[in-house]
Every structure is written in C-alpha cells, then in structure tokens.
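The structure appears below as structure tokens.
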C-alpha cells in the first residue's frame, strides 16, 4: 500500500508541472505590461523599465518560467502588490477558511447524497424515490449563489436563526459553536448541487448493483434486507460512487467562490475575485496554482481510498 | 427517429421542460419587438418600485430601470452567451477529440495528456485564470467558460471516434485510398454529430449557469449591459431591503436551467434502451405473489420434506406475459437427491428460485401454486418468515461462483455472515466454524484461504466456497442450480463427489438442476425432466435411464456422448424450445417431435403414470402404438 501511495504521488509530479505550465502560459498571454499595471499610467519609462528588470520580465519566457517555478518550490510565490504581503501567506490564510467551508460542505454532500441515492434506489418508484428525485432535480437546477441569497433572506433576516454573513463575529469569542452558526447556511448552500449529483449517481449505481447475482446470493443466505442494501449493495456501488465523489469535490471547491462572495466568507475564492478586479496578478497566479495542487493531491487520496475498497485493483 | 420523439413526448416531465424552454426562447427572440421600456435608462427618482406598480410590471431596480425589460433582455443575453459557449466548446472539443481518436498513437497521447492536465483543475480556477488574463467582460467570460468545457467534449468525442475509426467502413475507405481529411469529413463526422448534439443538450444548462456565475462575480457582463447573472450580482447589495430585485433574475435562471435539465433527462432516457425494457428495475427482497387459490398438500401430504404443488411463475415484461413455470408438481424426501433436467429456458431454475421467493421481481410474479416445507407453505409467507428459512432450512448453490460471491468481501467474511444471519455467535466462533466448513468441502489450507477474495481463487475453489456457504447452517435441503456448469470436467467430478459425500454423511436432501444427463446419472435417485415450463417425465433415475418414455427425454439422453459406448449417432434436437409467451395448444414439444400425431395438439395432456415413472405424452416411446405405426 505504501508503495502504491508513493507511486501515485510520483505520478502527480508531471500533472503538477503541467498545471504550472498552463497557469504560467495563461498569465503570459496578458496584453500590456504588468509594470505599467502596477505603477499606474503616470509612471516614468525609467521606472517601468527598472520594475520590469526587477520582475525578471526582460528575460525569455522559458527562463521566466523556470525562475518562477524555482521560486515557488522554495516557497516564494512573490508579493501581492495590492496587499503588500507575501502571496503564500495570504493564500494559506485564505485557504484555511475555504477548507473549513468546502470540507464541511463536501462531508455533507457525500453523506447525504449517497444516503439519498440508496434510499431512492431501495424504494424505486415509491414515494421516497419520487420525493428524492424531485428534490434532486430542484437542487441541481438552482444556482448556488441565488440559493445562498434566498437563505440569507429567509433564515438570517426573517427567522434570525443564523448570522447574515462572515466567518467570525467582529467582536466576541471564536468558539466552535459560533463557527458552526456562521457555517450552517454557506455550507448548506454549497452542498446542495453536489448532493443532487451524488444522489442521482448513487441511485443508478445501486440499481445496477441490486440486479447482480451476488445480491441474490446474499438474500438466499438469509441476510436481512437492510444488510443486503446497506452492506452488500452499497459496498459494491461505492466502486462507482467514489470517483464521482472526487469529481464533485472539485465542483464544491469551485462553487465555494460564489458562496464566499454571497456570505462574505474570507476564503481563497473571494480573494481571487478581488485580486482579478484589482489586477493583482501574482496573487491570482499563486492562488490558482496552490489550490489546483491541493486538488491534485486530494484526488490521489481518492484513488487510494478506491484501492482500499476494491481488492481487485492492483496496488 | 419518430419513435424517439414519441418516447420523449410520453415523458411528461420532459415535455413540460420542453414547453417551458420553448416559451423562454420564444420570449427572448421577440424581446426587441415588444413594447418594453429601455432596459438601460436610469430614473433614480423611481428606484426600487415594487412589482405590479404602474408602468413597471415587475417594479424597478436600484437605478430605477424597468425590471421586466431588463429581465427579458438579460435572458436574451444569458441564453445567447450560454449557447454560444456550448457551440464553441463543442466545436473545438470535437475537433480535438476527432483528431486524437482518428490519428491515435503519439498525437493521441500528447493531446489526451493535455486534456487530462486541464481536467485536473477545479473548473472555476481555470476560468478565473483566463478572465484574470483577458480582463473582466462578457466576451472574455464566454471564452473562459467555453475553454473550460473543451476537455469534456474532447474526451467524450475521442472515445466515440476511436470506436468508429476501427470499424470496417472506415478501414474500407482507407483501403480505397481516400485522404484522411476526407475520411473524417465523410465517414467520421456524420457519425459523431449526434453524440455532440446530445452532449451539448446536457451541458448547455450548465454553461448558462457558469456564465451567469462569472457575471454574478462581476467578471462577466459590465454595466450598463446586464445578463441574468450580473442582474443578480447588482441586486445583492439591496437583497435585504428590496428582495424582489434579486428574486426576479434568480427565478429566471432556475426556470431555464430546470427546463433544460428536464428535457436533457428525457432525451437521455429516450435514448437509453435499457430503460425501455424496464431492465433497470430493482428486484425486491422477495418475489411478488399473486395467486387466486392455494392448492392443498395433495396425496403426498405430510411425509414429504418439500412438496411443490401446481407452481406457476410468470415474467411480466411490458404488457407481455412469459409463462416460465406453468404448473409444476415436485416432491423431495429427506436425504433424497432429485435431479431436475432440461434445456436452458425450460423453467428449471425459475422453479427452484420460486420456492424461496428469489425470482427477480419485477418482472417475476408467482401466479399460482404452493411449496410446502414440512407442511408449511412458503409461497406467500411473509418476508420475515422467508428470510428466517433462507439458508437455514433451504440453502442454494448457484451456477457461476465468480458472479454469485460478493467481489469485495473476503470469502471467510461471507461465510461468517451466512452463519451470523441465523445464529448469534461471535466473530471468533464464526471464524472457527468457517474454517471447519472450508475443510468440509476439502479446501486445502483453510486457515489461509479464509482471507482470500473470490477473484484470488480458482473456479473449483470458488464453487467449494459456494457449497460451504450453503452448508453453513446445516440446512435440510440444498438446491443446487447448475453448480458445475461453469467448471471444467475434472473439477466438475470433484465437486460432484463432495456433494455426494455430504449428502450421505449429513442426510441432506439435494435438488440438483442441470442440463446434463451424465451429471444426473452420477448423483440422483430420482429425476424430473422439464420442457417449456412443465414436467414432461418424472421417475426413478434407473428407470428413466434404461427406458425413457417421453420422446423429449429420449432425445435429451441421445445428446450425451458415452465413453466406450461404441459408435452411435450423436443427435442434436432439431429446432428450438417454444417461446413461453406464446405456447402452442397441447404438447409444447410437438413441433420438434417425430412422433407427433394430430391429437398431440388437441388439448392439455396430463402427467400420467406409465410403468415406474410418470409421462406427459399421448404416444410415449416403447408402447404398442409405436409398433403399430
């Protein structure tokens, strides 16, 4: 198993390099010249030229890439000009907040989505199945940012159950309870779409498995129907569900950008949008590379989970 | 094609989605012709007017602009951008996919590596990076969304193209000397276009959502121009004070995306042939029972271990009724081995599975009969009772142990589970017992094999596990449904001898289902021959082996080659068994039989005693009539 994890980690290196090349190339496409963007249009040509030299922009594209890559590997992602602070510090701090939000949302959508799919399949064409199918359809059609706004209106403004926005109150203690009350609405709004997609796929994966011969064997042994559904069928269906969980984790991470805007969550998504509007490109570059790298590592964890579940995968 | 549209129209939800979507598209198309206020003219003295006020049906926004007008113009813009993004992504993605799939080799490798890299990003990061580079703006948002979706199309279309590129007509075109671009245009593209269209129809809603999302973030359409997303984004600051300005564009996005999703689901369902046949239905925990009357024990009352009476099982598939079992009587005495023999489709497995309610249902229904186990009727017994009997009193061994054992559990755990389904013992006790069971079916090193997964064992070993599992709770009867069919001959002999030993040492009754007379002869005391869902001959093994009475039995025996039996014609039975949803009047074998007379097709033929056995035939083999004819 250790060997397998090591092998997967090694195979991630070209993917990570590819990601850095893609991000670098997109940023190299930028029309105009960053020094002017930083210094403003009243800068003197001498100052622009000096800054270009300082930023290494007078070198060839290939040289620039390797300098940038080398700096990143030593933990130097550059300095955000808008915040006047190292990019990595800012990204790490913001990514923490995103991780809390997206992590909780992912747990919610994975557990609820799979459970809803199993219940739906076990009661195919029954009342529960129809109700879940309808809820899923609604869930995957509603834009998460609109849902978030409506939740603020209803649960925060009208019912006053939860705070309107933010991760922490401006004054007061930072306890787990406070965090959870701030987290409840954004995490739910973020989880809804992925829950729907996972529920839908889990349902069809379960229906596929329930028709197989080993389910009849379990029944013939006298295993209780609960065990047939939740142990035998679900375990086999997880082989198809786990890869989808990995893909949906990417969608949850993506959706977090909208949710962070709606709920003023101090996460990396809001940071990226602000940075784009301020043309703080080093911050965008560093943030994108960092989050994408984390996602690649997460997908390796998904592969490892898959190989733990299915002994037929050669490790 | 018409069948496709008929299927689509039958799906009421898809139809509703289609109608709503057509209405929205129509509205968007005629927007410039409608007598609407200018969507971009501000009137700050009339800001935030509520819905249904004079001259502003949906009210006004934070700059006093007419919301209805902005909504319709915004819808128009959102639809246009979403569709354009889908078209661009589909075109570029398909082109990349076709090139990769058609040329293959290194080109394919390089392209698909790149596609994988792009797919390694959470999609929005890539879109944000592109917008960051190009600057905010609707056109740039469109480019970003299209670019992000290119890999999805490229990968799908590549898969399809690889399949087409290897077909004979493409090979023929290559041999005919057509240039590659011509082959792509004339042979590949026409076959790929439908797939592209379907993939587009399922992603277009998604693209509309994504572009709306970027506009919502302020990275898409810039003021004063507004699509639905930027309307929602601008309204956000007044969400609490004037919620209607947010609700209006938000609901519109919801309606559009939901209509597209409903329609897309309908399209997919109409194209998936498995849904049409109802094959995706999940089998219930027990077979559905729908019988008019319950037959009594008959003359065999009481003394039989298992007494099946007039059993009828049908499959109801899309309005057609297949009579898989059409009135079967069987009885099994303690310690006896009964063989049930017949061709595939004769109903022998369905008969066996009906006893414990294990016929897949839907589509299976038990429509008549009874199965008395020690006098208790199992057909129609409540699920709790049936579950309690399954594996404990009546156990099954199935045909292909690779598909009938759970692939993801160790065989030991599957054995322990079989025991613990009926007896509350600890896992350690269960393990000891599981090793004993593996030992009883002569698996070497049971202590090690217990932690094997099924795929790590050979076919013979797996089937021994299947037998061990059936023995787990010392059942009274084991029903073995073609347990040796998937095995090669030497392994087959070993498995048979294990079963025979177990029967003698434990006093087990066995119902052995097979299509192989040779196997029956080794093991069984009595045999029942089934054809088209009914028993056509039944009696002691020796009697039937020496003098088969039904022409079908005789033919079936003639199919078995005999070692050292001298030169003899091996006879296949001409024709095929009748389809059980349209059984002929009278004898079902009449069409394939060379002894058929007019009265064979006249009416129902009873199972009548003849010598040591019972035969369902008016002109049995070896009677005077044969000599007379």
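Every residue, even glycine, has its Cβ placed from backbone N, Cα and C.
The structure displayed is predicted, hence computed values, not measured ones.
Residues of the same chain lying 6 or more positions beyond the ends of the transmembrane segment (A:12-30) and with a Cβ under 8 Å from any Cβ of it are 61, 64-65, 68-69, 72, 281, 284-285, 288-289, 292-293, 296-297, 300. Annotated transmembrane segment per TrEMBL: A:12-30 (among others), in sequence order.
Long-range neighbours of the transmembrane segment (A:95-119) within the same chain, counting only residues 6 or more positions beyond its ends whose Cβ lies under 8 Å from a Cβ of the stretch, are 128-129, 132, 135-136, 167, 179, 183, 186-188, 190-192, 194-203, 205-206, 229-230, 233-234, 237, 241, 245, 248-249, 252-253, 255-256, 259-260, 265-269, 290-291, 294. For A:95-119 (among others), the entry in TrEMBL reads transmembrane segment.
Among the features that TrEMBL reports, domain 'ABC transmembrane type-1' is placed at A:95-301.
Within its own chain, the transmembrane segment (A:131-156) has Cβ neighbours under 8 Å at 116, 119-120, 162-165, 185-186, 188-190, 192-193, 195-197, 199-200, 203, 255, 258-259, 261-263, counting only residues six or more beyond its boundaries. Annotated transmembrane segment per TrEMBL: A:131-156 (among others), in sequence order.
As annotated by TrEMBL, transmembrane segment applies to A:176-201 (among others).
Long-range Cβ contacts of the transmembrane segment (A:236-261) within its own chain (Cβ-Cβ under 8 Å, at least 6 residues beyond either end) map to 98, 101-102, 105-106, 109-110, 113-114, 117-118, 143-145, 148, 186, 189-191, 193-194, 197-198, 201-202, 205-206, 208-209, 212, 214, 267-270, 272-273, 291, 295, 298-299, 302-303, 305-306, 309-310. TrEMBL lists A:236-261 (among others) with the feature transmembrane segment.
Residues or ranges marked as transmembrane segment by TrEMBL: A:281-302 (among others).
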